[in-house]
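Per TrEMBL, the features are as follows:
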DNA_BIND  29-72  DNA-binding region
COMPBIAS  301-315  compositional bias 'Polar residues'
DOMAIN    27-71  domain 'Homeobox'
DOMAIN    74-275  domain 'TLC'
REGION    283-327  region 'Disordered'
TRANSMEM  83-103  transmembrane segment
TRANSMEM  123-142  transmembrane segment
TRANSMEM  207-226  transmembrane segment
TRANSMEM  246-267  transmembrane segment
Amino acid sequence: RFIAKPCAINLGIQDSGPHRAQPNAILEKVFTSITKSPDAKRLEGLAKQLDWDVRKIQRWFRHRRNQDKPTTLTKFCESMWRFTFYLSIFFYGIRFLWTAPWFWDTRQCWHNYPFQPLTSRLYYYYILELAFYWSLMFSQFTDIKRKDFLIMFVHHLATIGLITFSYMNNMVRVGTLVLCLHDASDFLLEAAKLANYAKYQRVCDAFFMLFGVVFIVTRLGIYPFWILNTTLFESWELIGPYPSWWLFNGLLVTLQVLHIIWSYLIIRTASKALVRGKVSKDDRSDVESSSEEEDVTSNSTKGVFSTSSNGSNRLNGHVAGGQWTGE
């Protein structure tokens, strides 16, 4: 309200939403009571009833679906808040872990387990992350529903479960590694969104490509070969098959499956960008784009985040098709 909004206004971002549909009681009743996306048969019936062209009715429904979406200013402010949080918590985690022995030797995560001290810095790191992901969980139901709603819901559940479970079982050392690793790419995604909303397309594309590289390296490289290696094998070797071993690693493997899905979506978007010369429209986009003359047009001129209000993604974070999820 006091920082992000003035910044957006200075960058020329207007608080104006999509084109609003003209008032029509019949179409409004169909939209609210029957369907938001009528099929061809219903469109023809409405066209005869109103004596309208079918394409005009299609445009009406498209505008009606879009008019409730958040404005670019709202999305900019949300992304700026997430960028601030992700960047701050990432540097806090790096600063804290740089002097931690388990950051350099993952076997230290299990040394003298479970009798490991919980320092105040460790405690606050955990509580801040847990509070933030709970906020993402609740806000997902009030935000615009996206194509990756279920994936993000599972991600938030797995993340909250992991943070809570590892805290209760004093597995905070390996937990801090997981948290810091996931925060490494999220702020880059939000930076790309901010550049897109401000219409700095080249900056947006550069940040997105950097985000994609960091995401894939951390989630498909470091995470399985560093994190999963210590939780699956080193923990088994040093402390044995403790009762919660299966649940803990099950949640971690679930995250890895989500990483693979999001990485695929990132690579697909990046491939389109190389062909078209810029980052293409977000696959998970919520606002439909079309000219007044055409019902469906190419979205190749849209930025990847031009229609996303979250996200990151939510990727809440994470990458992916429309929020790109970053988490």
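Every residue gets a Cβ built from N, Cα and C, even glycine.
Unlike curated records, TrEMBL annotations are generated automatically.
Remote same-chain partners of the transmembrane segment (123-142), defined as residues 6 or more beyond its termini with a Cβ less than 8 Å from a stretch Cβ, comprise 85, 89, 92-93, 96, 149, 152-153, 156-157, 159-160, 163-164, 167, 172, 175-176, 179, 314, 316-317, 327. On the 0 to 100 pLDDT scale, the model's mean across the domain 'TLC' (74-275) is 89.
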